[in-house]
Amino acid sequence: MPTIHQLFSQHIEQLQQRVADVLEREELDALIIHSGYPLRTFLDDQHYPFKTNPHFKHWLPLTEHPHCWLVVDGTSKPVLIYHQPSDYWHKTAGDPEGFWVDSFEIKRMANPQDIEPFLPVKRQRCAYIGEHPELAEALDIGERNPESVLNYLHYYRAYKTDYELECIHEANRRAVKAHLSAKELFFAGASEFEINLAYLASLGESEYSLPYSNIIGMNQNAAILHYTALSASKLAEKQHYSMLIDAGAEYRGYAADITRTYAYRKGLFAELVAEMDKLQLALIADLKPGYRYTDLHFKAHRQLAKLLVDFEFVYCSAAAAVEKGITRCFFPHGLGHHLGLQVHDVGGFMQDEDGDVQAAPASDPFLRCTRMIEPRQVLTIEPGLYFIESLLTELAESEHTRLINWARVDEMRRFGGIRIEDNVVVTALACNNLTREQNWQ
């Protein structure tokens, strides 16, 4: 089994080749990649939590290091300009160490304003990749986030190296452990806020280290797709109905994105959760190279329609429920997305390295991926079934209201909804489920 040093070395080799190819194509000498710097809040001396440039952390696992730079040309050893200030106000970066240091020529810089002599002398044929093009202009860097370069890099980011797959696998392991802590507290009667604290404690991290804000919704809050309010109020035991938790973890800059839904007691909602779990696993079993992700999304709607018929939510056929748009009232978001350095990783609509895109279909504007499914892509599969008041109101006022068993729907409103999400890596013939490989006991 390869060591982490070997995996990372191979990772850098592949990134170097991508850079060499795009530089030759665009007639550039080098990419100058900036980690970024903290942004100050308006009229204050406080800063927003720092999030590094994903193009920077693609090259090395430094996620909390502002004012750093990379100079890469695809052939020479990449140069890391490592910001290491002397500062008694804040914790500062230590000496560079770890499995990654041998892959870089490291130059230390104490003051961010001193960056110019560390950069190539001839910068007109270089491209700046980062959040602050005005800084690149001041440094006389010729190109700033050129679209053709970004298109190329974003397209190939979908194909994960073995190092990246190992990082995402470990992020899943950590997230699953934290999910189990959250599940235990839900059944113990904790509040959303307390459950979130337990999740963070399991990871041993603050909320700022998460790849996205945790979604922990109990009862009707589960019907709010991106609910992050985290109520501190405890519910009486008889008011405990359900919990939807969509929460991840990050490892060396790579994300896990996992969702589970729990019924507090047995009954119809618990049966729905079990059936949605089966539906999700069946979709994953159908995930293989050669299909377009859009096709799998449409299949999810057909399967959900069958579930709506089987559980007597509708008075029509499954085909009619899809055709008339009824399933989209119960499942209004996309089936999933690419996953990697970002939770909603780039490239989901891209069809080639030139930046040609295929937009989401008009019927499903919130679908985040229309790409062909290919090996080494990491994708989320997250079908849902929700009882969202605003969408149910629209449905009730539509011509299709007579097709809905409103008494059955009303039984479920208090539960909010169901979403079940795993992270999968596409292989040559099928896929591996990185989330279910973990110990959920």
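Numbering starts at 1 and runs along the chain as it is shown here.
Note: Cβ is positioned from N, Cα and C throughout, glycine not excepted.
Keep in mind that this is a model prediction, so the values were computed, not measured.
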Ask   = Among GLU205, GLU207, GLU411, GLU421, which residue does TrEMBL name as a further Mn(2+) 1 binder in the site formed by ASP257, HIS337, GLU382?
value = GLU421
Task = Would you pick out, from the binding-site residues ASP246, ASP257, GLU421, the residue whose Cβ has the largest number of other Cβ atoms within 10 Å?
result = ASP257
Note = Spacing of the two Cα atoms, HIS337 (Mn(2+) 1 binding site) and ASP246 (Mn(2+) 2 binding site), in whole angstrom, works out to 14
Message = Please report the Cα separation of ASP246 (Mn(2+) 2 binding site) and GLU382 (Mn(2+) 1 binding site) in Å, rounded to an integer.
response = 10
Ask   = Apart from ASP246, ASP257, GLU421, which residues in this chain have a Cβ no more than 8 Å from the mean position of the Cβ atoms of those residues at the Mn(2+) 2 site?
value = ILE215, ALA247, GLY248, ILE258, THR259, THR380, GLU382, ARG419
Request  = Would you mind pulling the DSSP three-state label for GLU382 (Mn(2+) 1 binding site)?
outcome  = coil
Message = An 8 Å radius from the center of the ASP257, HIS337, GLU382, GLU421 Cβ atoms defines the neighbourhood of the Mn(2+) 1 site; name the other residues of that chain inside it, in order.
response = ASP246, ILE258, THR259, GLY336, LEU339, THR380, ILE381, ASP422, ASN423
